[in-house]
Each structure stands twice: as structure tokens, then as C-alpha cells.
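Undergrad: Can you keep this structure in mind? I'll have questions shortly.
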Amino acid sequence: MLGCFFFFFIQYKVQVEIFVFKVHYLREDTPFPKMVVDVDALANEAIGLLDQCKDDNYRVCILIVGPPGSGKSTVAQDLSRQINHRFDEYRLQGNQKSAHGGTRSRASDVALASDVPEITTPLSEELAFNGGILPKYVEDVNFQPVKRRLENGDLQILGRGGLPNAFTISNDVEPDEESSFAQIVPMDGFHLSRQCLSSFQNPQEAHKRRGSPPTFDSNNFAQLCKTLAQTCTIKPGSCDAKSCFEFMAKTYDPHFPCIKIPGFDHSLKDPTPDQFCLNGHTRIVILEGLYLLYDKENWQRVHEILQNTGSLLVWYIDIEDHVIEERVAKRHFNSGLADSVEQGRLKFQGNDLLNARLIRKNLVQSGKVVTLRND
């Protein structure tokens, strides 16, 4: 009886805090409603969405978007940490060491990436001959991602960036108790590799402007979002749970498809394959990056694809240029990309600032985007 009261109180507390969160937007003359970053409130909102969608959506997605130096990565990390802490606390209160895995989802009814064509023999040969990249297509934003079956049975999806930016889908999944309830998927794993940039018609400019829209495998990132959207709309099993977390634990599906996604190694300055693994444990996916609301080429599809799932939250972090300039200049200096803070400022002005202004001028227009302040 005491346990039931505790779960009811937590659920009630979350709903009340979500209401308080919603009425504290800063009403200003901007394209989107504004509010100050409050990680606890953001976690409430994310869990509230999951609770609202739980009968029809196995998982939900969150987009955190902002210019370089806006703190989007930190916000995403703090948010995932807060959500995972709350779920772990729930499991401890219920004396649960692992999720139940009691009822199966409808995942077996969904063929992920079924619309992606098989790789052709000539393309496969070109991939092998060029060390895993496709030099002829590295600048082709209209390149159609392709798939191939690996020896272990996994399905690999690759775009114009080739193997460095590929993601894989596995249906033969061993239960992994270490996976997180909320996971971050940074856009960084879709930076075109330096080998790809060297294959551009103007490789010097490509390396100089690394981080600009043409230097990402936007083709395959959009395809990843389509695949994630499919997993969002998979219907979970049914149960009589009274709280959101209880429902998630009881409907955990250990056989849910696993998606392995590339990350980015800053020491190697290149993407790293299979850095992130989203499996049946992952019920909240936090995508963060600069171009997730960019209303041009493949990026413009990201918001629409995920919005159509009915299980999406979008937060755009806005901040003045002079603030992000200082932050990024110091970051360039501290990471060894610039010999001084002043040189870091010049690097920022010649690349990062251009990208930030490009995004502001070309934001997806949606009444469901909330702007955050992170000064």
C-alpha cells in the first residue's frame, strides 16, 4: 500500500511540475515561446510526454538544437542524467535490479528500413576499393542511402559518407542491462570523415569549413531519423501499470531491435562506428546538434519525420553571438585547435559564427518549438 502511494505521489508531483514549467515561458517577440533552462523542468516535460504517449509509442524523441557554444551538449547530458537517475530511483524503490520484460511489443510487425534499396554490386565494389568511402558521391546531397546485410545478420545502412557514418540494425539482440533509459544521439557522428573531405572538389575549403552543412552526411542522418521514427511508433505491450515508470518496466521488450549509431572521436577528429546502442531499454532518445531545425536540403526532413510520430519535444537554445564567441574561442584554445584565445575568436568568426547565423535565418517554422535561454 505504501509503495502504491509513493508511485501515485511521484506521478502527481511530475504532472504538477509540468504545469508550473509550462506557464513560466518568457513571452517575448520571438518566433518561438521562450524559457530559461531548468533541467528538472525539462525532465518533467520529457517524462510527461512519455507518459502521455505510452500506450501507442514504445519510445519518444527530443530534439535539442543550438549554435556552437550554446551549451546544447551539456543540457542534453544533464537531461539524460536526470531522467536516468529518476528511473534508477524508481527501480530501487521497487526493489528491482532489472526491467521486467513481461510483455512483447509489436516490433516484429515492423520491418525497419524496408524502404531503403539494397546496395548495388558496382557501389559495393567502389566502397571496398576506396577504403569504405564513396568519393564520387561525397558532395551529393541527393544520394539515396543503401543497405547491405553483414555476415552476422545485421543490416547496415550507409549514405554518401560511406562506412564511417553508417548505422546498423540488429534483430538478434542479447539483453543488455547496462543500456540507459534515456540516451543521447549527437549529430557529430555524421561529420563526414577527413578522408571524405579530401575527396571534395575543393578539399581545402571543405576542411576549413568542417562543421558547415555540406560537410555532414545529412542523407544518412535523415534516414536514421526515419528509422528512429519507426521505432517510436511501435506499439508496446499492454499492462495494468499505474505509473509511467512502472509501465515502462513492465513493457520492456528484450527482443526490441537494436540500432547502433556512430559517434565522434575528438582525439581522432573523425566518426567512430557503433558508439551508441539504442535497444529495448531506451525509451527516450535525445538528439542534439546544430542543424536539426535547419530548413534546407536533407535537414529540413528531420523535424517533420519525427513530428509525425506524435511523440516529439523540440527545444532550441538561443544565445547572443558575443557570448558564444567567447565560449567557443576558449574551447578552441583549450582543445589545441587554436594557439591563443584571440586565434580562437578568428576561427569562430570564420566558421562557427557563419553556421550559427545560417541556422537563425533558416529555422523550421513550427509552433511546437520552445526556445531556451542558456546565458
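Glycine too: its Cβ is placed from the backbone N, Cα and C atoms.
Okay, so Swiss-Prot annotates it like this:
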type    : residues                                                      : note
BINDING : GLY66, PRO67, PRO68, GLY69, SER70, GLY71, LYS72, SER73, THR74 : ATP binding site
Undergrad: Please name the residue among the binding-site residues SER70, THR74 whose C-beta has the most neighbouring C-beta atoms within 10 angstroms.
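TA: Selected residue: SER70.
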Undergrad: Counting only residues 6+ away in sequence within the same chain, which have a CB under 8 Å from the CB of PRO68 (ATP binding site)?
TA: GLY211, LEU290, ILE324, VAL328, PHE348, ASP352, ASN355, ALA356
Undergrad: Need the DSSP three-state call for GLY66 (ATP binding site) to compare against my parser.
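TA: Coil, per DSSP.
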Undergrad: At a 10 Å cut-off from the C-beta of GLY66 (ATP binding site), count the other C-beta atoms across all protein chains.
TA: 27
Undergrad: Give the number of CB atoms, excluding that of LYS72 (ATP binding site) itself, located within 10 Å of its CB.
TA: 26
Undergrad: Applying the rule Cβ within 8 Å of the centroid of the Cβ atoms of GLY66, PRO67, PRO68, GLY69, SER70, GLY71, LYS72, SER73, THR74, what extra residues of the same chain belong around the ATP site?
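TA: Going along the sequence, the neighbours appear as VAL75, ILE317, ILE319, ILE324, ARG327, ASN374.
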